[in-house]
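Participant: Quick paste of what Swiss-Prot says about this protein:
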- 91, 92, 93, 94, 95, 96, 97, 98: ATP binding site (BINDING)
- 374-633: domain 'ABC transmembrane type-2' (DOMAIN)
- 42-61: region 'Disordered' (REGION)
- 376-396: transmembrane segment (TRANSMEM)
- 410-430: transmembrane segment (TRANSMEM)
- 459-479: transmembrane segment (TRANSMEM)
- 484-504: transmembrane segment (TRANSMEM)
- 516-536: transmembrane segment (TRANSMEM)
- 544-564: transmembrane segment (TRANSMEM)
- 612-632: transmembrane segment (TRANSMEM)
């Protein structure tokens, strides 16, 4: 079976021969050996216990010399990829093919890397990223966006200096190139947060959209990690034909791939094989080369399977080092005859401003919220239902001493209800984080504009939920209804809901799983509710637990609302008169005005403004903890 041969003089669709040659020389990649670290700790403990140095280890560390400090994943890997080639990067699991792909795409964020990476024979540093694009194995796309909107989003953020008309033309051309013209305005689809299924594209079509996202910047190099993984045979072949068509326009495509079917394997015009971190072959005549090594391909055998099986056999055999050295010499000789290309323009890629990023992200986030109708209905519907339930349960309250406890209960349960509401959208936080990680790894936008866009939309939703919930309850329960008191109460409920949102978001970004977020969040919320000042007044709490009031945002929320409700409020005493001899006397009331209620709960030192200020401060605190956790703890490690 012969591999495809693409001529070197292919021109692009726009007539500009912008293809580039990629050369990588002596790539070495090492990572820390965890076993080594464990051994160091173990022997350090032994030293302290015995107060003597281990006789079997290094003189300085006491570490056994049979365990290396670093593991070598790639060892002097070199190769040349010409423009317009479709390259298969093959090898068994753990051979280092995905690692090499990440290094070539400059996406490796861990370990130590040495070697050279040249474009048209020159090192171009940071500008290298302008020429390449990377498509991950998983299709991480926003389910509620259409194909056009997805590609336009990438165009808006990655082509900031291009006019709107040119961006649209570029997107339409990409859609045509990936064969999705008839699906231009179809939604991506998939399982939305909360388990709702939205109909959309097939798996193969989603993969083509992912490839299209990588084509927005008109790259010269495209790297794909297992592009056919998880697809059926028909969809996989369609994907590879799409990639082959791109090479005909001068684009160089490098794929890591595992055991492709014969029809797919025949599309590649170069195959690179890595075994145990070393390159043992790179070229277009792999079957002939393996036959020269004594590994002829049997008839009626999948060539890809044969190559992989032969590579594994070589890696386990005695000739492994000999064959690796032999190939190194062949490569060095071929390097002398390497095709020369003109130097590339090393202009640094442009990036959109934070303000522009925020605007584009805000538009997408708002559309996503409106299209996820299940989420919208659930949140607003819950606000209406809980507001009605609270209102009916506490309906017709009066400004009397007898109803003081019911009024306090209404206020407290409104606070706790809004504090617990964010638990219903934990899946939203986590699904958004997955998309964010994938897009930030592609250098589309900075984390802060993304976060602010999410916060803006969430703030509007939170305000709506708090307004509906509190307004219904206040209307039914007849709480203090003057404009000033009602507006202040709405603002407190709004900030309670918002700070709870930020708190749950912080925990979600710290833990990364819904189960852990729910466990930690619910535990913290229970503590907040218990020490909010309703069940146990401040002046009755044991001194050893007093600090739990002062670090509790729900306490300050409760204080501000109680002061707002009862300050300078006269309370009618409705206790009955009882006969005493020939006359009657009225049982004295515990409270004759609202100030006595405030004093009874030990919060008379607080004004509604000062306590509300602390609530705002807590909201700001959780706002920043959520962002910092998102920014620093959610970076993709490869």
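Glycine is treated like the rest: Cβ placed from N, Cα and C.
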Participant: In the same chain, outside 91, 92, 93, 94, 95, 96, 97, 98, whose C-beta lies within 8 angstroms of the Cβ mean position for the ATP site?
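Facilitator: Output for this site, in sequence order: 99, 274, 275.
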Participant: With Cβ-Cβ distances below 8 Å as the criterion, list the same-chain residues six or more beyond the ends of the transmembrane segment (459-479) that contact it, or say none.
Facilitator: 369, 379-380, 382-384, 386-388, 390-392, 394-398, 407, 410-411, 414, 417-418, 421, 486, 489-490, 493-494, 496-498, 501, 565
Participant: Among all the protein chains here, how many other CB atoms are within 10 A of the CB of residue 96 (ATP binding site)?
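Facilitator: I get 24 for this one.
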Participant: Here are some binding-site residues: 93, 95, 98. Which one has the most Cβ atoms within 10 Å of its Cβ?
Facilitator: 95
Participant: What is the number of other Cβ atoms found within 10 Å of the Cβ of residue 97 (ATP binding site)?
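Facilitator: So the number of other Cβ atoms within 10 Å of residue 97 (ATP binding site) is 26.
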Participant: Report the listed stretch (376-396, 516-536, 612-632) having the maximum count of Cβ pairs within less than 8 Å of the transmembrane segment (410-430).
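Facilitator: The listed stretch sharing the most Cβ pairs with the transmembrane segment (410-430) is 516-536.
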Participant: For the binding-site residues listed here (91, 92, 94), which one has the lowest count of neighbouring CB atoms within 10 Å of its own CB?
Facilitator: 94
Participant: By a Cβ-Cβ criterion of under 8 Å, what residues six or more beyond either terminus of the transmembrane segment (376-396) are in contact with it?
Facilitator: 194, 369-370, 406-407, 409-410, 413-414, 417, 421, 424-425, 461, 464-466, 468-473, 475-478
